[in-house]
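A quick write-up on the structure given underneath.
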Amino acid sequence: MTQESNGASAVDRKVLHPFVLWGQKDQNLYLTVQLQGVTDPIINLDEGRLTFFAKGYGCHGNNVYQFEIDLYLPVQRKLSSWKVKEKCVEFHLMKESSEIWPRLTSAKQREPWIKVNFDHMQFSDDSEQEEPPFPKWDSDDSPAPSSRRRRDDDRIRDAVSKDMDKFFAVFRSPLKLYLFLYNMFQWVGFCYVFHVSLYSYLRAGSKAQRQEAFASIRPQLCMVQLAASLEILNAALGWVRSGVLATGMQVFGRGMILFMLVLPYEELQRMEPVFWLAVTWSAVEVVRYPYYILAVLGQESGLVTWLRYTMWIPLYPLGFVLEGLVMLAALPRVMEERWYSVELPNKFNMSFDFSLFLRVYMVGFLVGAYALMSHMYAQRKKKFGANPRSQFSRWGLLPFLSGRNQRRALGLDSGDGAGGRVQQKKAK
């Protein structure tokens, strides 16, 4: 995350609230957020809480504004709506009853950025005074604690029930069950490789013992790397949304280095670059497969998503450097022993020089590394946007404090940006 510049103003370092005008009539609750030119609004609503995040021109100029309001009483989410206009964002919320609210929030403390809209205000006495009095902000009319607890319990039960339905839906679909078990198998395997390799290396007391650390995870690494070849099939059949080319490049490169260069040569297995290459590979997969597991379950975690699209930044360049060192170390042995090379004459009347292929591959390896990292950067930009810092603000202080699905869990879908009916987003 980029740091703020030294010249940043104090306004940029605190939460900015837009002015919110509110009014009510019978069961109707009207809110007007005074922001012009609103872009990328994220609006969440459940029966008792409204959260708002958007960029626009308000009282602090063109900036990012947000607020979170615990409503005085629950509202009917499915009958409520909102609309983005040129000079404001308007909300039309439907209360559960015609009871007149003495204030907008459940808290007694009055917020300076929340003001009364007298054009849409009905007071408890329904009088026709020329200057209606302000609501009694300090009145002791908050909902009963038992009622709020009951509402919160119902909300928790609904959330747990929906999560369980998504989880058990996996077992009703053979494809989802296969993807879930496959990703879980790979994650457990790479976790084992990552843990045992580091444990063996740190426990080793001498250089000779550290050189044998790779041997402690060699069978397991071969097994999970062989299983990784199924990812090409999964992408080719359209079972996952990964690109076939990017997946094939990664699987082929790793497989060639592991099975054709490292395993045949014992001295290479004792080299530290080979050991740290295995650690780097497993570190990448330890954070990648949980993201896929949650995707199969229809869930998303802020922490897992952030790790998935961020940890490649240090790990991929490190992996490319280590792979290059391993290929350079293996090249003299390949040229000397002529492994995997086909000499003339033979019945097919053709020859193949693996050492030449390896040298050409190493040149193309640089292009492939750039292409793969460009692909990952495009994916990260697509996920987080052009300004990742603003996305982190959307998710909370840090991404892992609230996942993207939690932004939608309150049930207000932003629609197409022009406004829409408030409704819970169905799990795909």
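Cβ coordinates come from backbone N, Cα and C, glycine included.
Annotation source TrEMBL lists domain 'CS' at 15-105. Residues or ranges marked as region 'Disordered' in TrEMBL: 125-154. Taken from TrEMBL, the feature transmembrane segment covers 177-202, 243-263, 275-297, 309-334, 354-373.
The list of residues near the transmembrane segment (354-373) in space but at least 6 beyond its ends in sequence, with Cβ under 8 angstroms from a Cβ of it, reads 246, 249-250, 253, 256, 312, 316-317, 320, 323-324, 327-328, 330-331, 334-335, 338-341. The stretch from 243-263, 275-297, 309-334 that makes the most Cβ contacts under 8 Å with the transmembrane segment (177-202) is 275-297. Sequence-distant contacts of the transmembrane segment (309-334) (same chain, six or more residues past either end, CB-CB distance under 8 Å): 253, 257, 261-262, 265, 268, 271, 273-274, 276-277, 280-281, 283-284, 287, 340, 354-355, 358-359, 361-362, 365, 369, 372-373, 376, 379-380, 383-384. Mean pLDDT of the predicted structure over the domain 'CS' (15-105): 88.
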